[in-house]
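Visitor: If you scroll down you'll find the structure; I have some questions about it.
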Amino acid sequence: MMNNLFDQFASPTLLNIPLISIAILAPWLMVSTPSKMLMANRPTLFQTWFLKTFTKQIFLPLNTPGHKWSFLLASLMVFLLGMNLLGLFPYTFTPTTQLSINLALAIPLWLATVLIGLRNQLTASLAHFLPEGTPTPLIPALIIIETISLFIRPLALGVRLTANLTAGHLLIQLISTATLVMLQTSTIVSALTFSTLILLTILEIAVAIIQAYVFVLLLSLYLQENT
């Protein structure tokens with residue numbers, strides 16, 4: 001049972017080719033290309049509105065140097081949002097349930113924010129390790145704690161996204177299996193379980209959107225500290 005339950009997180013293959021590459025490329029296929037016509041179509045208008053609104057909300061607290069990251073973080077948001085939502089469809093694979101994928105996104109971007117801070121404002125970046133007015137006996141302990149908290153940030157980004165999506169998929173799998181089992185014994189209980197499954201699916205859609213937004217928002221906060 002446990003093997004079958006967690007088989008949904010293994011990348012399926014077609015002709016011995018892992019389908020994870022197709023799953024990763026799928027969100028980009030949904031992005032419409034700009035049109036040369038004066039009147040744009042609805043997908044293009046929605047895409048433009050989404051990017052403008054998202055960029056405004058994310059980069060409102062940032063100063064001007066941080067605005068250079070707008071295209072990168074907007075692309076990351078579209079990428080995570082597409083993978084999270086497409087993973088809720090039947091017979092699909094969700095790459096963001098894999099910790100390796102999430103860490104591969106979190107570590108380089110977090111490291112880039114740290115290196116930018118060390119290059120542009122070395123004194124201010126090092127000052128984060130030791131708050132002003134710290135008693136002398138607590139200085140070594142605070143430096144160690146702040147160093148650990150700094151290096152745990154990318155791990156927290158990846159684990160948060162992985163854990164939330166994995167838990168949601170497991171709950172959907174368990175409740176859907178219970179619905180099929182109850183259908184043979186009690187129709188009323190099966191209908192109640194199916195109603196719970198619908199509500200859980202709506203909740204997971206919200207979780208998929210929120211987790212993609214939180215991932216990008218935390219990266220923008222790390223960027224704010226270093227710019």
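Placement of Cβ uses the backbone N, Cα and C atoms for every residue, glycine included.
Automatic, uncurated: that is what TrEMBL annotation is.
Here the structure is a predicted model, which means the values were calculated and not measured.
In case it's useful when we look at the structure, here is the feature table from TrEMBL:
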TRANSMEM  12-31  transmembrane segment
TRANSMEM  69-89  transmembrane segment
TRANSMEM  101-118  transmembrane segment
TRANSMEM  138-158  transmembrane segment
TRANSMEM  170-192  transmembrane segment
TRANSMEM  198-223  transmembrane segment
Visitor: Are the transmembrane segment (69-89) and the transmembrane segment (138-158) close enough that 3 or more Cβ pairs fall under 8 Å, when only pairs 6 or more apart in sequence count?
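Guide: No, the transmembrane segment (138-158) does not contact the transmembrane segment (69-89).
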Visitor: Going along the chain, which residues at least six beyond the ends of the transmembrane segment (101-118) come within the CB cut-off of under 8 Å?
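Guide: Here the qualifying positions are 72, 76, 80, 95, 124-125, 150, 153-155, 157-159, 161-162, 215, 219, 222-223, 225-227.
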Visitor: Under 8 Å between C-beta atoms and at least six residues away from its ends: which parts of the chain pack against the transmembrane segment (198-223)?
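Guide: Contacts with the transmembrane segment (198-223): 58-59, 62, 66, 69, 73, 76-77, 80-81, 84-85, 87-88, 105-106, 109-110, 113-114, 116, 153, 157, 160-161, 164-165, 168-169, 171-172, 175.
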